[in-house]
Every structure is written in C-alpha cells, then in structure tokens.
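Enquirer: Dropping a structure here in structure tokens format, bear with me for questions.
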Amino acid sequence: CHAGGAGGWSPVDTDHYQWLQVDLGTRKQVTSIATQGRYSSSDWTMQYRLLYSDTGRNWRPYLQDGNIWAFSGNSNSESVVRHDLQHAIITRYVRIIPLEWSEEGRIGLRVEVYGCSYWADVINFEGQGVISYRFKMKKMKILKDVISLKFKTTASNGVLLHGEGQQGDYISLELKISKLLLMINLGSNQYGSILGHTSVTSGSLLDDDHWHSVIIERYRRNVNFTLDHHTQHFRTNGEFDHLDLDYEISFGGMPVSAKPSSGGRENFVGCMEGITYNGDNITNLVKRKKIDTSSFRNLTFSCSETHSFPVFFNATSFLRLPGLQDSDTLSVSLSFRTWNPSGLLFYTALADGVVEVGLTEGKVTVYINVAQKKNTRIDISSGTGLNDGQWHNVYLHALENYAMLTIDGDEASTVRTVIPIQIRTGGQYYFGGIYRDGYFLRTNTPPAQRSFQGCMQLIHVDDQLADLVAVEHGNMGTFENVSLDMCAIIDRCVSNHCEHGGRCTQTWDSFRCSCNGTGYTGATCHTSVYEQSCEEYKHLGKTSGTYWIDPDGSGPVGPFKVNCNMTEDKVWTTVRNNLSPQTSVSGSDLEGKALLQLNYNMSTEQVTAITSSAEYCEQHVAYACRMSRLLNNPAGSPFTWWVGRANERHYYWGGSGPGIQKCACGIERNCTDPKYYCNCDADQTEDAGLLVYKDHLPVSQVVVGDTNRAGSEAKLTVGPLRCQGDGEFFFLLPVCFPGNYWNAASFNTPASYLHFPTFQGETSADISFYFKTSSSYGVFLENLGNADFIRLELKAATVVSFSFDVGNGLVELSVRSSTPLNDDQWHRVVAERNVKEAVLQLDGQYKEVRPAPPQGHTRLELYSQLYVGASGGQRGFLGCIRALKMNGVTLDLEERAKVTPGVKPGCSGHCTSYGQHCRNGGQCMEKYNGYSCDCTLTAYDGPFCTEGKIQSQACERMVTLNVSSLSPLLPTEGNLTQEELVFSFSTSNAPSILVYISSRTQDYLAVVLRHNGTLQIRYSLGGLREPFTIDLDQRNMANGQPHHINISRQERNIRLQVIIMRMLLYLSMEHFSAIDPVLIEKYNTPGFVGCLSRVQFNDIAPLKAALRSGIVAPVTTRGILVESNCGASPLTISPMAAERVSRNGVDRNAAIIGGIIAVVIFTILCTLVFLIRHMFRHKGSYHTNEAKGAESADCADAAIIVNDPAFTETIDESKKEWFI
C-alpha cells in the first residue's frame, strides 16, 4: 500500500482504534513521510499521528513544537501529501494512527516512508560495568573537546561519563532525577576569588526508555551542550581554558581512580551507542576489545528489553480490569506519572460501599465508604508533590479492620489505620476514570479531578500483574480513549519558555510562568518592568535618585540598580563599588603584592552594558603614598597596576591613557620631581586623576606593591563608575551604532521605507515605538517569510493592528482609540508575541490579548529584510517613528535615514507632547533629538524647572543682587506700576528679615518675622509719611514648617497669598501710588537661619543666580549659602490663579475656600477682609505698627529697625539691591 501504487489500506472498522504499522526490517533514519488515499475510492485519511519504536513495543509519538504532532493528510484519493520531518527519527517500526478521514467514505491510506540506513554499536550497561578509556599520556591538557553518545534507560539517576585531574579539573555528565546534568571545572583563579565550577541542566523525563542524543562541544571556555536537537550555549566560570585530566575518562560510572569526594553516585543502567571522544569511537574499541571491560559481569552489544507496558490516559479515558469478587482483602498497586495535581487513580465498588484512590493537590488520598450498619467513611493520605512528572508507586492494602497506604515503597511514607468495617470486593476496577452505561460516573472526588491525565504502568490487582497485552487484544477488560503501550507525557517546561529566571509550572495541557522577583512581566516573563536607561526615567519626568534599569530590555542582561543624576542636560549614570575612600593598603602575598578586589553588586555583563552604550565614562582613582612607589617609571616595571573590564592588566593611572605608563602629572609635566612620571615614584604625596578609556572600565582589581619597606604607607581611593549618554545600543547591524530615546526618522512619501536585517523572534518577540502622524493609515513595519509574516500598521484614524502568521493561519489583533491618532501627537505602540499569547497595547490604556492555540506551530520563521515604513505595495506610513525597539534593541533609524531617499533623520515637534513636563513657568525648547526646559526666567532649576530649595544655616548670611545691569528685565522709565514677589521659607528662629527690596529713593518692600514669629509685610512708597503695614498676628510662622508667600501689586491693588502648612489665606487691599524701583539700599540684617527657596521678583531669581555659577548676574553674597532639599514642598496651586479684586469688590474666592476648609477659618478671613477694607475707606487712618521714633529714622530703610527693638542694623545707600 505504498503511495502511487494501486489498492491501499482500508480497515473494516472506521474508528479511532485503527492503525497501520510498517516494519522497516532494521533501524533506519526516517526523514519524510508521504500519504495518499485508497486507490480510486472515496476513502482517505485527512489527519493522522505518527508513532515509532525500535521493538514494536513502548511506542513514542512524533513531537513537534512541544506537542504530539498531528499531520495534515489528504483531501482526495489521488493527490500525494508529503511532510519532511522537522527532526529525523531513528526507528525500525512506524505506526500511523488516523485521526480524521473522508466523510464520503472510510479510512483509506497509501504511505511511503523516506530515509536512509543507520548503524551504530550498542553496549548494554547493567549497573556494574564501567568503560575506562585510558589516555596515551599520563596527563592531558585539553583545549578542545567533542564528546557524543546516545543513551536510553528506565533509571532516573546514573553517571554517563566522568573525568578528573589532580589539580581539581573535571568533566562529568550524569542523570539526576531524569534530567541531564553537565558539570565542568577548568580551574579557579590564583586568588581564589572566582571558582571554576560550572553546571548546566538539560532535558526532563529521560527515563522513558527511548533513545536520547547528547553532544558536548568545548573550545576553551565556550561550550555547546546539545540534547535531542536542543542546544545550550554557555561559558565556563573561572579564567582558564584547558581541561587538565589524568589517566582516563570513564563511561557508565565513576572510574577506579576517582577521588573519594567524587563517590556516592550511581552507575548508569541502560544502553549507550555511538560513544565518541575527540574522534575515537569508544563503542567500536570496546567491541574490538581494545579497552578493558573486566568490570562488566556480562558484556552484551544489544539492549535488554523492559517488561513495562505503559498506559496513556487523557481527560476522557478509563481502563477497566477484573479482580476477585467477594474477597475480604483489597490489594492494588500501580506506578503513575503526571503533571496534574489532582485526578482519579482508581475506583472500585465494594459489595456495600466504594473505594476511591486519587491525587489531591499532589498527594495520594484514599476514601473508603462502607454502609453496613451506618455509613462509615475512612480518609487517609500520604506523599507530597507527586505531580512532578516522575514515576511514583502507590500500594493500597485493605482487609477487615485494617488499611495500609505506601508511596514509592518508602516505609516512612506508610500510613496504617484501623477501620471498623468489613471488606467485600466487587470484582471490577476502574483506572483513570469511571465509565458505565455510556457516561462517566459521579465520584466523591470534585468533578474537575475525576479524570486522570498521565501514564500508568505495572498495575497489580489482587497482587497479580495485569496482562495489558490481553486487554489490547480484547481478551479481557475494556478501555476507552486509552493509548496502550505508550506514555506520551510531555514536559512543557523543557525547553523552558519562561525567560529571565521565571519559574515554570505546568499541568498536562499547558504551562504557566511565575515572574515574581525577576524584574520582568508577561506570560513568559519577557518584558522588563524597568526603563532601559536613566535617560528614559528623565523623560518620564523623574528627578535624580536611585533607579533600576534594564539596558537591553527583554534581552539576557538582567536589571540592576544605579544612581541617576539628572541635574545637567546630559544624564549621569553612577555605579558605586565597595571600596571605602582612602583605604589603607597593608599586607601582601608571597610575591609581595596586596590585592584589593572591587565589587559593584552586579555582573560583568551588567557593567559592560552601561559602559558599552555610553558616550563617555570616567572613574576617579587616587593613590596617597609615603615611601610607596606607584608605576616605577621610567626606572622599571610598575609596582602597582589595575585590572579592568576584560580582566586585563593596565599600567597607567588616572589622568593618563592606555599604553602610557604615566600619571596625570607625567602627562601635564608638573610632577614634583621632573625626573619621574608620578609623584609617588618620587616618594611624594599623591597621584590622582580620571580614567576615561571606557573600554577598560570599570576597575575590578588593584594590585599594590612596594608597601613592605619600613615606613611605607599607601591609601587607595577608587571612585564610582560614572557614565554619560543614553543607555541603549543597536546590535542588529554588523557594526554597533549608539541609539537613544529620541532616535527617530521622518517618512515623507508613501513609498519611503528603511530596511534592516531579518528580525529574529522565533518563539518570543516584542516591538515598541512611538509615532505621530496626520495621516489615517500606513504600515509601520513588516517582515516576511515563506508563509510566516509579522506586520504592524495604522489601519484607520483610530485603529492600530498587529497581525502575524506562524503557520496556523492569520492572527490579527486590533485596538481602537477613543480619540484620533492622526493628531500629530506622540502615541506609543507595544506589541508582544510568544508561545502563550499575543498582546497589543496603545498609549498604555487600550489593550487586546489573544491566547495562542493549544496545538500547532509556535515558531515564527522570517527570511526577508525588515522594512520600516512601507513594504510590498502596502500603503506606507507618513509621519515620524521614534525609539523603535525590537526584542529590547533599538534600531538606529537616524543612521539609515541619512542614506535613504524619502526619509529624513530626526523629528520635530517634541514640545507638543512633552512640554507639560516643564514646570513652574519653564519654557519647552525644541531640539534635534528631543527637548529641554529653559528655566532662565524662573526661580527654579533642574531638567524640568522643579528644583529650587536653598538653605542658610547660620546668622549673618546675606545675598545681595545688584539689578541695575539687568535693565532688560525692568521698565525703561525706571518705575514699576506692578510687581510680584514669590518665595517659600521655613525657619524656627525669629526675629529676622526674610526679603528686603529697596531703591535709591526711600521706597522699599520688606517681609519680616517679628519676635513672636508672626509675619509682617511693609510697603514704603513715595508720598507716605509712614510705611503701610500688614500684620498676620494669628499664627507663629517660625515653627519649622514650610510656608509660601505671594505678594502682587497692580497699581493701587495689593494682593497677599499665604500658604501655611497647606492652608490658604488670601488678602486683597489697596494702595495709593507707584514705587520707584531704580536702586536698592544695601545694609546688614540681624540674620536669617532656615530655608529660603523659589525666590522670584518679577522675572528675577536671586537665589538661583547666586548658586548657579553659569548664570551671569551681578550677585554678591556674605556668608555661606548651601543648596539643600529642605522644607518647602512643591507648590500645587498657582500663586496667580485667584481672581484679582478691584478696590470696591469682594474676595468671593477667599470666602469659598475658607468655607470648604472650616467655618472658623472662613470667619477669620471675612473679618480680616472687612478690617482692611474699613481701614482704606478712612483717609489716612489705616493701621500701622510703626513706633513714633520711626519719624526720626535716618531713612525709610531704618524705619523697620526702629519699629522693633529686636532689630539693629546699619544702612548704606547704594544701587538697587536685594537682601535675603
């Protein structure tokens, strides 16, 4: 019944229990299979499964993409459908199981199997014999290894190979709990700080009695470890490249020469074939008796057959077996393996009751119910975590007044109980499920737990092994949806699709990833929860501080903590080490050297991610010395060196560069002794400077010599690693191009596009970018394969779509925005696709999630270039795309756009989307690759104009600002008809002057705290005999709490706003004439101790000018000003937000706010407003606290001091100045 021939196979019964088996005569390597329907008929097979076996027993299903694969068959009787197997299989027997067939006829099949011959020497290991391959030389120093073998076994533990050397090197491969463990040690470094031991685990369920292939390839420290076509690439720990082995390498167990510490490990039991070691065919040498095999009791070159007969259950399966009827003893045992925590193992009806044995949350539970006189129920349980996929044995023995449950033959697990009942067996036993009269019976197990999914074998009923071959032939028992002589259990956590250390757990049908503590999220822990750089945190509006960053996003480098300094235009990323400043260096090893090891609390790969992507890095080093030479140049070899990123020694010091054995003074030619290139080489004080060659940074070790002389002393300082620039990198091109948060391109025509190498995202892919456009459609990006593809596009003005095909048909996700997306504003798109699900998210709020199908293809296979902007006749995107990342790597759009017609590098208009980040009146300024906030005309500083806190810590502190040279900020006529003064303060000391503004005339404005801590505001304007005074007597404001003051005047209207510990006071009043702000008098104050911040008079910010050296302003200070994060909290209510009140108006806003806060506050405010208005309505009769002696003051400035005896001051007339 081969394809193309006449006739064909068509069974009498058309159901799911039919199969066609092909015997290839000997083991062959099968690569393809082709099918046809039965010749000239309506019979064909539409879908089938493929099983294979070496012996015609213990069948194995063909797996693909982690599932039992279902091949598509024929749709008629004549066409041939051929499938090339993803991985070739080695087998003698092939069995085809029809799953679906012609609706017009019956099952029909013609088949051809394609492949080639296969032969290999086989050795059977019974657990005693070990093959020891002796080397030609006593000691072997091996740089390169290639080891391969195939094995099959039913044992879960056993050593496959082992070799070791006297110096501590070793290589070992062993089965451990049915997984393969490879251990390699090439040696440790000389200081013992890095250990060479490396271990890697692969595979699962390897005790299935099927052949498994292993290949180990090592070159120096790079290792490829392949198990059944799955390869792991890793690099061994330590710093050595050679594997030093002595005498021999053994296969099947530990060699006789092994160290005692290597003992206690089981020998291998099973079969091996095709054993090769560095080109030598070990199995062939054994067969030719070229290797000693005396340890074998009975050496055979064929595999012994196992006697197990597994049974595979799915969710709708059951197996019924007969037993003794009306017996007073119940005895059942079986072995099972499963991933499900719950399920029914077996059930039997007694003459007067039932017995159920099942899994409940990973432990075996027994439920016995007998209704003789009264209902009697017995519950016992044992074991834990038995749903781990391993074989476990259950034995239940029950008779009158006694029951015993044992797990895995362990006496410690045995549970014995007294049962006051009589056992009378019913004679029928159901395994995996209960099915009678066409339906599943209800049991006492919860409905979701009634069906068992997994494998059973070695089933004993009444202490007799069940003859499952007879069951298969229909001679005893019965079954439904059971696969006999096969265990098709699949470990869905191998290969582990949970990335970044996510913990994989599984049931029979699916797996789940737990991402807790990994720093990643998503169905497969693929997406980082952190930003990629300090630069990205800055543009999210964050301020300086400590943050977690993940430089490669979803890449292999894990997140880590850094310090981000965002006070400058470019952001500094700082990584600190554990070396204290001025660390004394003492002690030495046998070579007279002292080693100082630096730890940065992160891996080498994480530090490299920072330095590699930064534009500039630096690290300060200092060597303070007394009779302790440093580089010893030009006299000879250096006494001290440092080790950098590539574990290489460097013989230059801070301030110098690679290849120059000098210190900073040697480069600048200013060493204390010109005969030397370092001060310490002349036994002087110190050599210090910056290391700036970033490919060598950071400093990981410093080796110090010349500290053993009498009187020698050395102190070492290694500062933090500081890097500047964006934390992203573009790796998809052959050369690395630094990218950044603003890497963008503008697409000007519908046919314009950028192309990049093929996107590699077979099992997991993430794509994110920003876009802005005025168009309502266009393709963002596309990558094609033969049939597979991936595409992101703007399908309508409010719709973004993500579509792909991995071989299972088109999948399309769409999200719809509630507002148009063609508004020329930035919008963010995030798409992810993995083996579990696909996700599309727009602007962080619109989201669609689509689960992946449980069966089918999972790999996205792409071959064309990646096109960004347009492709294949699709409508191209018009607009800007920015920060395009694929699998965590930024594509350098700008670099490609420079050489691509129709595309321009960069985008404009960033302020339209991000201008709101500029706070407190800061102006957003467009830049080629982003935006910045101009804080010049504000009292604030920092990247977003939010920093403005200054602290003065002692008396006699003063800032004097001469504003005569700032005339562009003042009216040309020299008179002000309106002004605004805003500042915040906190203090615990009174009395003091907070702000004093005066001119060359006798006009001034002063804000003071009186001796009792209450606030007083004084206006002295031309034409007034006495200053106008406002007193806030109801609260002590020298209480250490932050307060905010806003004083504004427009012609005759004065407005005062006071924010006291989040309470607002609004006062509105009138005055009579303008002030002359031309010059201010300079004088000494009693002093202010506390915090002043955000001081601004109109457009002048005196504190900012005093503390920022880059601001050119005529500022003088007396005392010391300290920048500090003290006191004042951010202003959340605009000082000018309240409506200004005319002279005859009523401050209605103040009344409303006061009423909301409290009735008492409302009453106080109304009273204050009334008193002030009453004061102004009586000519010359307003209230003042001026003393009579004020009239005799030398000038208006001095009147403040005359008023209060706590103040003493002297006044010198000068230009207009500020006093704080």
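In case you wondered, yes, glycine gets a Cβ from its N, Cα and C as well.
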Enquirer: Regarding the disulphide bond with Cys907, report which of Cys880, Cys935, Cys945, Cys955 TrEMBL records as its partner.
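Expert: Partner cysteine, according to TrEMBL: Cys880.
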Enquirer: For the domain 'Fibrinogen C-terminal' (525-577), how many residues does DSSP put in helix, in strand and in coil?
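Expert: So the counts come to 6 helix, 18 strand, 29 coil.
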Enquirer: Pull the DSSP breakdown for the domain 'EGF-like' (908-946) and write it out as helix, strand, coil residue counts.
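Expert: Split by secondary structure, the domain 'EGF-like' (908-946) comes out as 7 helix, 11 strand, 21 coil.
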Enquirer: Just to be sure I understand the packing, how many Cβ atoms besides its own are within 10 Å of the Cβ of Cys907 (disulfide bond)?
Expert: 24
Enquirer: When you measure from the Cβ of Cys880 (disulfide bond), which residues in the chain that are at least 6 apart have a Cβ under 8 Å away?
Expert: Ala744, Ala745, Ser746, Phe747, Phe771, Lys772, Thr773, Cys907, Gly909
